[in-house]
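Colleague: Right, I'll just put the structure down here and ask away after.
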Amino acid sequence: MKIKTMKHGFLGTDQGVRFDVDYVKAKAVIIPFGMEAHVSYGAGTKNGPKAILKASHELNENDEQTLQAVYKCGLSTLKEPKIPKDSAKAIKLLKETTKKVLEDKKFPVILGGEHALLSGSLGAVCEHFHDVSILHFDAHADLRKKYRGSIHSHASALRRAMENLPIKRLVSVGIRTVSEVDDELGFILREKKRLKIFWGWEKLLAKKIVVAIPTKNVYITFDVDAFDLSIMPSTGTPEPGGLTWWQTVEILKLAFREKNVVGFDVVEHSPIKNLPGPDFLVARLIYKMIGYKFFSTKTKAK
């Protein structure tokens, strides 16, 4: 497939200085994909990528933890495609796009969009890498068999991954709501060897979470409702009692340091008009994760 990039993508241009590079020179590729086929409360995830990219133009290009100008790893942003209304077709399009990025030996970063897109990006990852586990940040387990008549609902994203892809283990962080025993809860009990949940009310220790991941290769899927409402109100299905900023980045930093993170997505951001703070938070999270990928020092877990 033909790759099309955008000018003034992630980070944009400041006083004539471009922070992106041509696709062929890039190590990390931003894939905007505002898929929104199913929403269960608040709509707006289709506008997430645009808001994130706009907010990224105000980021400081230097990261305070890695002490690096992260963009120097080589960033390129793809033009957002026309996304099919049909979920299966949209997922197929994202899979093809992610597959191309991986074949070109680049690191895929997907900006959602609803969580159902996971089947596309992760499907490509599982064809490219062997022995992949998922590190999943979310308020919800997203393990429903189907939701409101659809097997491609955002509420079924991780269920589809576990049933249809050769996932070694799913490690979910920050979960604080599940459905009835004959659906999500039952699946969790049946699949306890392949699934580990760190509940939102637990003391979440980064080392304990990362040690629970059995494989070297890890794909990270990050639903922004994992964050506490006080810092992330801009999401369609909010839940109280979420993660803090520094609690989250501590886990991510260790995961990137100890594992080979092969790609990640950030999903379910529904921007609120005249409230840019959450847009900036998500952009900052993405930039920090890219920094951890390319500038973290690899060490053994202590």
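Heads up, the Cβ atoms here are built off N, Cα and C, so glycines get one too.
Those TrEMBL annotations? Automatic predictions, nothing curated.
Keep in mind the model is a prediction, meaning the values are calculated, not measured.
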Colleague: Report the candidate from His115, His128, His269 that shares the Mn(2+) site with Asp138, His140, Asp142, Asp223, Asp225, as recorded in TrEMBL.
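Modeller: According to TrEMBL, the candidate sharing the Mn(2+) site with Asp138, His140, Asp142, Asp223, Asp225 is His115.
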Colleague: Within the chain of His115 (Mn(2+) binding site), which residues six or more apart in sequence place their C-beta under 8 angstroms from its C-beta?
Modeller: Asp138, Asp142, His154, Ala157, Thr221, Asp223, Val267, Glu268
Colleague: In the same chain, outside His115, Asp138, His140, Asp142, Asp223, Asp225, whose C-beta lies within 8 angstroms of the Cβ mean position for the Mn(2+) site?
Modeller: His136, Ala139, Ala141, His154, Ala157, Ala226, Thr237, Val267, Glu268
Colleague: If one looks at the chain holding His140 (Mn(2+) binding site), which residues at least 6 apart in sequence have a CB under 8 angstroms from its CB?
Modeller: Ala155, Ile175, Thr177, Val178, Asp223, Asp225, Thr237, Glu239
Colleague: Where does Asp225 (Mn(2+) binding site) sit in the DSSP three-state scheme?
Modeller: helix
